[in-house]
Ligand SMILES: NC(=O)C1=CN([C@@H]2O[C@H](COP(=O)(O)OP(=O)(O)OC[C@H]3O[C@@H](n4cnc5c(N)ncnc54)[C@H](OP(=O)(O)O)[C@@H]3O)[C@@H](O)[C@H]2O)C=CC1
Ligand SMILES: C[C@H]1O[C@H](OP(=O)(O)OP(=O)(O)OC[C@H]2O[C@@H](n3cnc4c(=O)[nH]c(N)nc43)[C@H](O)[C@@H]2O)[C@@H](O)[C@@H](O)C1=O
């Protein structure tokens, strides 16, 4: 029987390092900035108005001046199932450009460590569940987000190649569906968590009799609170150094129908919930195998109910509706 090789653990000291969070204004980037405030680091960020990370010359010039020693690559074009399926060209172009620019610039400018954020959608649509890291590229992808998934796989393979050819200490993590402060509430292009928080809230205010949830309600999803995600990223940056992917999740999933009821309860909506099967279900199930992450010493701590309650409060604050 082949022994499963467990990842190499190592101690990487962040203290005093110049740390670049690419995508710092986003949901994950913002959580990383909050989490890194507890570390002794020299944090550096650059906003999109200063540099478009698709612009190779601008990225290379910035890296040559700033020379970050540690890079969290959290910048990407991100969206839910309809955004991915509608903006297919933008999702593949932007995400390949951002990944290739930053990974190469980090290498050329001597970054000591880089973390690339992939996504659970890189795994085959019908792969065995829970999804193991070695199931990547073993079957067809979910069509609705294939461009995005291909871009993510390109970034993953680039990180592996730079470790192999140049000995770069670059690592790949695969987050599950994320939610929390700083999420995107676009009515069509958001992910399910933000979409339902907004829709149930607006239905409550309007005293609507019914809320329509997309799809059949039967798909299953795993949801990780974004501040847990950031903590896992810092933990792995400090302790993990190998070529294998590391899934980041809770290890628990829920049907969209049951999840909708969790959000309705958190928001305080008591009307009917119906389903619109004309909207895409996407992958039937995306539950990550988090045993490698557990062996590396990390587990999620925020329950779904607590996380949704905190995400709803963040939504109210971010949209200026929080009770004063
Ligand atoms: N959200 C989720 O459920 C999941 C996310 N991930 C991954 O986590 C990472 C972060 O996702 P998330 O925080 O949700 O996404 P957000 O959309 O919230 O944040 C993305 C960030 O990237 C920046 N960005 C995008 N394009 C460019 C560009 N061309 N130039 C400069 N900056 C750019 C955005 O800047 P600006 O705000 O100015 O537009 C934003 O700050 C991504 O790699 C994503 O693939 C993985 C799995 C699940
Ligand atoms: C993280 C992952 O996220 C994306 O994949 P996804 O998990 O399928 O994305 P989603 O959150 O948009 O949908 C999850 C499920 O939820 C159902 N659903 C119900 N009602 C709404 C709704 O109102 N909006 C949305 N978006 N979905 C809804 C929807 O029908 C689907 O069954 C990838 O594109 C990619 O970005 C990626 O990597």
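Every residue, even glycine, has its Cβ placed from backbone N, Cα and C.
If you look up TrEMBL, you'll see 148 marked as active site, proton donor/acceptor. Taken from TrEMBL, the feature NADP(+) binding site applies to 23-29, 117-120, 152, 175-178, 191. Taken from TrEMBL, the feature substrate binding site covers 199, 214, 221, 281. Residues or ranges marked as domain 'NAD-dependent epimerase/dehydratase' in TrEMBL: 19-249. Sequence annotations record features per position, and here TrEMBL assigns site 'Important for catalytic activity' to 119, 121.
Overlay of TrEMBL feature records on the structure.
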residue	record	Cβ contacts under 8 Å, 6 or more apart
23	NADP(+) binding site	29, 73, 74, 75, 76
26	NADP(+) binding site	74, 75, 78, 182
148	active site, proton donor/acceptor	77, 84, 91, 92, 95, 119, 121
175	NADP(+) binding site	28, 117, 118, 119, 120, 224, 229, 248, 249
178	NADP(+) binding site	27, 28, 191, 223, 224, 225, 226, 229
199	substrate binding site	187, 211
214	substrate binding site	81, 192, 195, 275, 276, 279, 280
221	substrate binding site	176, 177, 192, 253, 254, 256, 259, 285, 286
281	substrate binding site	215, 216, 218, 219
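Binding of substrate is attributed in the record to 199, 214, 221, 281, and the widest Cα separation among these residues amounts to 19 Å. Residues from the recorded positions list (26, 148, 199, 281) with a C-beta closer than 6 Å to any atom of ligand 1: 26. By the rule that a residue counts when its Cβ sits under 6 Å from some atom of ligand 2, the binding-site residues 23, 26, 29, 175, 178, 281 yield 281. When Cβ atoms from all protein chains are considered, those within 10 Å of residue 121 (site 'Important for catalytic activity') total 23, not counting its own.
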